[in-house]
Amino acid sequence: MNTPEVHINAVRLAKSVKLTEGSLTILHDISLTINRGETVAIVGASGSGKSTLLSLLAGLDVPSSGEVHLAGQALHRLSEDERAAIRAEHVGFVFQSFLLLPSLTAIENITLPAELAGVKDARERALTLLKQVGLSERADFYPAQLSGGEQQRVAIARAFITRPAVLFADEPSANLDAVTGQKIEDLLFRLNAEQGTTLVLVTHNDELARRCQRQCRMQAGRFIDTTTQDLADVG
Amino acid sequence: MWASIAWRLFWRELRRGELWVIAFALFLAVGSVVSLSGITEGVKSALLQRSAQFNAADKVLRSSQPFDEQLFELAEQQHQLSTARQMQFDSMLFSGDAMQLATIKAVSSSYPLRGDLVLYRSELVTAGETAVLTPGQVFFEARLFDLLGVKVGDEVELGLAKLQVGGVIVNEPDAPLSVFGGSPRVIMHLDDVPATDIVQPGSRIGYRYLFAGDTTALAQFEAEANDKLSVHQRWQKMDRESAIGGALERAERFLLLAGLLGIVLAACAAAVAASRYSQRHTRAVAIVKALGATTAQIRLIYGSHLLLVVLFSLVCGLVAGQLAIGAVQWGINLYMADYRAEFSIRPLWLGALTCVICALLFAARPMWRLANTAAIEVLKQPAAQFVVDKLQWLTGAAAIWALMWLFSGELVLSIGLFLLCAGFAALLIATAAVIVRLVKPAAAGQASAPKLAIANLRRRLWANSFQLITFSLAIFLALLLYFLRAELIGQWQRQIPEGAPNQFLVNINQQQRTVLNNFAREQQLQLDQYYPVVRGRLLSINDEQLQQEATKEDRSQQRVGVGRELNLTWLTALPKNNHILQGNWFTEGATAQVSVEEEIAERLEVKLGDSLAFSIGGQQVSAVVSSIRKVDWNSLQPNFYMILSPDLLADFPATYITAFYLPAERNQLLNQLARLLPTVSVISVDNIIAQVNDIIDQVTVALSFILLIICLAAALVLVAQVQATLEQREQELAILRTLGARYALLRNALLLEFALLGAMAGGFATLLAELMLLLVQQRVFELPFTPHYSLWWMGPALGIGMVTLLGWWQLRRLLSIPGAQLMRRVLQG
Ligand SMILES: Nc1ncnc2c1ncn2[C@@H]1O[C@H](COP(=O)(O)OP(=O)(O)OP(=O)(O)O)[C@@H](O)[C@H]1O
Ligand SMILES: [Mg+2]
C-alpha cells in the first residue's frame with residue numbers, strides 16, 4: 001500500500017473520547033494520503049477536529065479505529081515509546097500555543113529534539129536555524145523574555161533542527177500580527193523547500209491555505225469535498 | 001545525551017523552590033535521625049560507663065561458691081577481657097581488747113577495673129598521702145579507727161592473720177549505696193585471705209568476678225559463659241542501680257518516636273514538593289515526549305534529579321548529624337573526663353536508610369507517574385492542582401509504618417502507633433469535611449476580603465485536606481512536645497529538688513543527736529527528720545519458721561526468708577514517695593502492726609493480716625501486716641522494707657539516720673563533723689545527684705532539639721503546600737487584578753485565608769494535644785487531671801501565627817508583581 005511516494009496514509013480514522021456520560025466521537029471516518037514533499041492545508045471551523053487529526057497523523061495519539069501509516073510504519077500498532085522514537089526521527093512539530101520549555105533558553109529549546117535524537121552537531125545546527133529565523137541576538141533568552149512571535153519562531157527552529165521528513169504545524173501564525181505571521185509562513189515554506197520536507201499545516205487563514213498544494217476541509221470531525229465548495233466562503 | 005539535558009534542567013530548577021524543599025526535607029530527616037540516635041546512644045554509653053564505675057567493672061558475676069578458674073581463663077585468653085576478683089564477708093576485727101564486726105572486702109591487685117579506688121595513708125578522708133593496697137595491709141572506713149581505737153601503722157587481727165592498718169578508704173567505686181546502718185567497711189588484699197583461715201565450708205562469703213573490655217567482646221563472652229554458669233552464679237544487673245535508669249529508657253523511646261513524627265512531617269513535605277514538581281513538569285514532559293523522548297529517557301532525567309537531591313541531602317545530613325553527635329560527646333566529656341566516646345556506625349546507616357525510604361516511598365512515586373505522561377497531554381489544559389493518587393497514599397502510609405518499625409524496633413508498637421495516626425488523620429478529614437460544608441458559599445454582592453478568603457478556603461480545603469492534616473499534626477506535635485518537655489523535666493526535678501539533702505548521716509546514737517542538732521544550728525544546716533533504725537531478723541511468718549540462709553537447695557522444705565538482718569524503723573507518718581497499695585497506714589494508737597514494702601511482700605509471699613515475728617536484740621516481737629506500701633526507690637531518701645508501729649520498737653536502743661543539704665563549697669564541714677562524731681558515717685549522694693542532673697540537662701537539650709526539628713518540618717510542609725498552590729494563585733490573582741481588585745482587598749483576603757486555616761489547624765491541634773497530655777499525665781506520670789489552660793490560646797495562636805507568616809512570606813511577592821507582568825507569566829504557562 002505504501003509506495004515510496006506515499007509519506008502519510010490514514011485509513012478510515014475515527015477518534016472518540018470518553019466523557020462522564022457516554023462518549024463523544026470527534027473524528028469520523030477520515031481517510032487521507034499525503035505524498036513525500038507535498039504541502040497540505042487542513043482548514044475548518046474551530047472545534048471541527050483539526051488539532052485532533054494532526055495529533056493522530058503525528059502519532060501523538062492513537063485512533064479509536066482505523067489505521068495511520070507514517071514513513072512506512074503502522075503508528076496505530078505501536079506503543080507510546082515506539083511512536084516517540086518515530087517522532088524523534090521523522091517528525092517536526094509547531095504547536096498552536098508554541099509549547100517551549102520555560103526553564104530552557106531559546107537555543108536550548110531548539111537543540112532539545114536534536115539531543116534527544118542523538119544528533120552530534122546540534123549546537124551548530126541550532127545557531128544556523130536561529131540566524132534563519134532572525135533571532136541570533138536572542139539565543140540565551142528564556143521564553144518568558146520573548147514576544148509571542150519570537151517564541152513561535154523559536155518553535156519553528158526547534159521543529160526543523162532534526163531535519164524532519166514531515167512537519168506538522170498547528171496554526172503557526174494564529175497568535176501573531178499579519179506582518180509577523182507572514183514572515184513566519186514564509187519561513188515555514190522556505191525551510192520546507194530547502195529541506196524537501198512534507199508539510200501538513202492547520203490554519204484558518206485562506207491565503208496561507210492557498211499556498212499549499214492541497215487543501216482539506218473539515219466539518220464536525222469529517223472531511224468535506226473541497227472541490228464543491230469555495231474556500232473563500234469559509235472564514 | 002539525556003545527561004546533559006537532565007543536568008541543565010536540574011540547575012534551572014534549583015531556582016524554583018521544590019527541589020530545595022525536597023532536599024531540605026530529606027536533609028532534616030537524615031540529620032535528625034543520625035543525631036538523635038547518635039546522641040541517645042552517646043548518653044546511654046555515658047550512663048553505662050558511669051554505672052560501670054559504680055560497679056568497678058563493665059560486667060560483674062556474683063557467686064556464693066569459690067572462684068571458677070575456667071571462667072577467668074575464658075575471659076582473659078579467648079576474649080581478651082581484663083578481670084579482677086573480689087570476696088566479701090562479715091567478720092570480727094580485734095585490736096587488743098577492742099573488737100568490731102566489719103564488712104571485709106578482699107580484692108585482687110587489678111581491682112578496680114573501672115572507676116578509682118582512693119586510699120590515704122591517714123585516719124581522715126580529707127587529707128593524707130595516697131596509698132596503694134598491698135598484701136599485709138588493711139584499709140578502714142573512717143569511723144572504724146575510733147570504734148577499734150587504732151591508728152595508721154597499728155596491727156589488727158582478722159581470723160588467724162595479723163594485718164597492718166594501712167590507712168583510710170576515701171573512695172570505693174562499688175561501695176553499696178544501701179549501707180544505712182551497715183557494718184563499717186574494710187578493704188584488704190585477696191592474697192591475705194588464706195592466712196586468715198576464715199574461708200571454711202559453710203561460711204557466708206560472696207565471690208565476685210569482675211570483667212571489663214570491648215563491648216562486643218563482653219557480649220560474646222557473656223553468651224559463651226552463660227552455658228557454663230551454675231545455679232550459684234548470676235550476673236549483676238548493671239543499670240538498675242542508676243537512680244533513673246527507667247526514666248531514661250522511657251525518655252529515649254519518647255525522643256525517638258517524637259523525632260520520628262518530625263521525620264514523617266518532613267517526608268510529607270518532600271512528598272508534597274515532589275508532587276508539585278511533577279505536576280509543574282507534566283507540560284514539559286508532554287512537550288519533550290511529543291518531540292520524541294521515550295519514557296525511559298524521561299525517567300532517567302527526573303530520576304537523576306531525585307538522585308542528585310538525595311545524594312546531596314544524604315551527605316549533608318550525615319555530616320550535620322555526625323557534627324551534632326560530636327558536639328554532644330564533647331559536652332559529655334566536660335563533666336565526665338574519662339568518658340570514652342565510641343564511634344558507632346548505627347546512626348549513620350539508620351539515617352541513610354531513612355533517607356532512602358523517604359525518597360523512594362514519598363518522593364519517587366510522583367516522579368514515576370510524571371514519566372508516564374502521554375505526549376497527547378500537550379494538547380490539553382494542564383491540571384491546575386496536583387492529584388495525589390491512591391498508590392501515593394499507599395506508599396506514603398507504608399513508608400510511615402516502615403519508619404515507625406525501624407525506630408521502635410517493635411512490630412506491635414509500630415502497628416498500634418500507625419493505626420493511631422491513621423485514626424487521627426481520618427478524624428481530621430471528617431472534621432474538615434463537616435466544616436467546609438457548614439461554611440456557606442459567599443452570597444453574591446460586593447467582593448470583600450472575608451468572602452474571597454472563605455471561597456478560597458472552601459475550594460482548597462477540599463482539594464487538599466492533606467494540608468490541614470499536616471498542619472494540625474505539626475502544631476499538635478509542637479504543642480505536645482513543649483508541654484511534655486515541661487512535664488518530664490518537672491517530674492525529674494521534683495525527684496531531686498534544688499537543695500535536696502545530699503549528705504546522709506548514718507549510725508547516730510541518742511546522745512549524738514543533741515551534738516548534731518547543736519552543730520547544725522551553729523552551721524545553719526537544715527537537718528531532715530530523724531529516722532530511727534533498729535536491726536532485726538525476720539524469724540517467722542504466721543508461726544512458720546523461715547530459713548535464714550537463702551540457699552537454693554532446700555527451698556522446698558522451708559519458707560524463704562530475707563537472709564540477712566533488716567533495718568526496721570517506726571514512724572507515725574507515712575514517708576514521702578510512699579504509697580499505700582493495700583490496707584491502711586497506722587491509725588493513732590495502733591499497736592503491733594507492720595507496713596511491708598510491695599516487692600519484698602511479694603517475695604516473702606506475705607499478705608495483709610499475716611503475723612510476722614522479728615528477733616531484735618535477742619527478744620522476739622510480733623506484728624500483724626496492716627498495709628502494703630509502694631516505695632519509690634529512685635527517690636534519694638531513706639527507704640525501709642518494714643515500718644513498725646511505734647509501740648513495738650520505742651523501747652529498743654536505736655540508731656538514727658538523718659540528712660542535710662551541703663553546698664559543694666562547704667565540703668570541709670564534713671571533716672569537722674567527722675571529728676565531732678567519729679562513729680557516724682557520712683554518705684554523700686552528690687555524684688548520683690550530679691548524674692541525674694546531667695541526664696536531665698541532656699534530655700532537655702535533646703527535647704528542645706526535637707522541638708526545633710518538628711517546627712522546621714512543619715514550616716517545610718507549609719512552604720511545600722503553599723508552593724503547590726502558587727501557580728493557581730498566580731492565575732487567580734492575575735484575573736482578579738485585571739478585573740480591578742485593589743491591592744488591599746487581595747492582601748487582606750490572603751492574610752485572612754491563612755489566618756483561618758491556621759486557626760483551624762491550631763484548634764484541632766489543641767484539642768488533640770490536650771487529649772494526649774491528659775492521657776500521658778494519667779498513664780505515665782500518674783498525676784491527676786489538670787487542664788493546660790495556656791495550651792488553649794497557644795495552639796490557635798501558634799497556628800495562626802505560623803501559617804499566616806509563612807504563607808504571607810511566600811505570597812507577598814506575587815501580590816507585588818504588577819498586574820501586566822503577572823498576566824504575562826500566567827499566559828506563559
Ligand atoms: N480530550 C477531549 N475530551 C473531550 N472533548 C475533546 C477532547 N479533545 C478534543 N475534544 C473536542 O473535540 C473537538 C475537536 O477539537 P480540536 O482541538 O481537534 O478542534 P480544532 O479543530 O483544532 O479547533 P481550533 O481551531 O479551535 O483549534 C472539540 O469540540 C473539542 O471540544
Ligand atoms: Mg486546534
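Cβ atoms are placed via backbone N, Cα and C, with glycine included.
As recorded in TrEMBL, the features of this protein are as follows:
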| type | residues | note |
| --- | --- | --- |
| TRANSMEM | B:254-274 | transmembrane segment |
| DOMAIN | B:258-373 | domain 'ABC3 transporter permease C-terminal' |
| TRANSMEM | B:306-328 | transmembrane segment |
| TRANSMEM | B:348-370 | transmembrane segment |
| TRANSMEM | B:391-408 | transmembrane segment |
| TRANSMEM | B:414-440 | transmembrane segment |
| TRANSMEM | B:461-484 | transmembrane segment |
| TRANSMEM | B:701-724 | transmembrane segment |
| DOMAIN | B:705-817 | domain 'ABC3 transporter permease C-terminal' |
| TRANSMEM | B:745-769 | transmembrane segment |
| TRANSMEM | B:789-809 | transmembrane segment |
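Model confidence over the domain 'ABC3 transporter permease C-terminal' (B:258-373) is summarised by a mean pLDDT of 84. If you look at the transmembrane segment (B:254-274), the same-chain residues 6 or more away from its ends with a CB under 8 A from one of its CBs are 17-19, 21-22, 25-26, 28-29, 32-33, 36-37, 40, 306, 354, 358-359, 362-367, 392, 396, 399-400, 403-404, 407-408, 417, 466, 470, 473-474, 477, 480-481, 484, 488, 699, 702-703, 706, 709-710, 712-714, 716-717, 719-721, 723-724.
Through the fold, the transmembrane segment (B:414-440) approaches residues 257, 397, 400-401, 404-405, 408, 454, 457-458, 461-462, 465, 468-469, 472-473, 760, 764, 768 of its own chain, all at least 6 residues removed from its boundaries and within a Cβ separation under 8 Å. Helix, strand and coil content of the domain 'ABC3 transporter permease C-terminal' (B:705-817), in residues and according to DSSP, is 99 helix, 0 strand, 14 coil. With DSSP states grouped into helix (H, G, I), strand (E, B) and coil, the domain 'ABC3 transporter permease C-terminal' (B:258-373) comes out at 100 helix, 0 strand, 16 coil.
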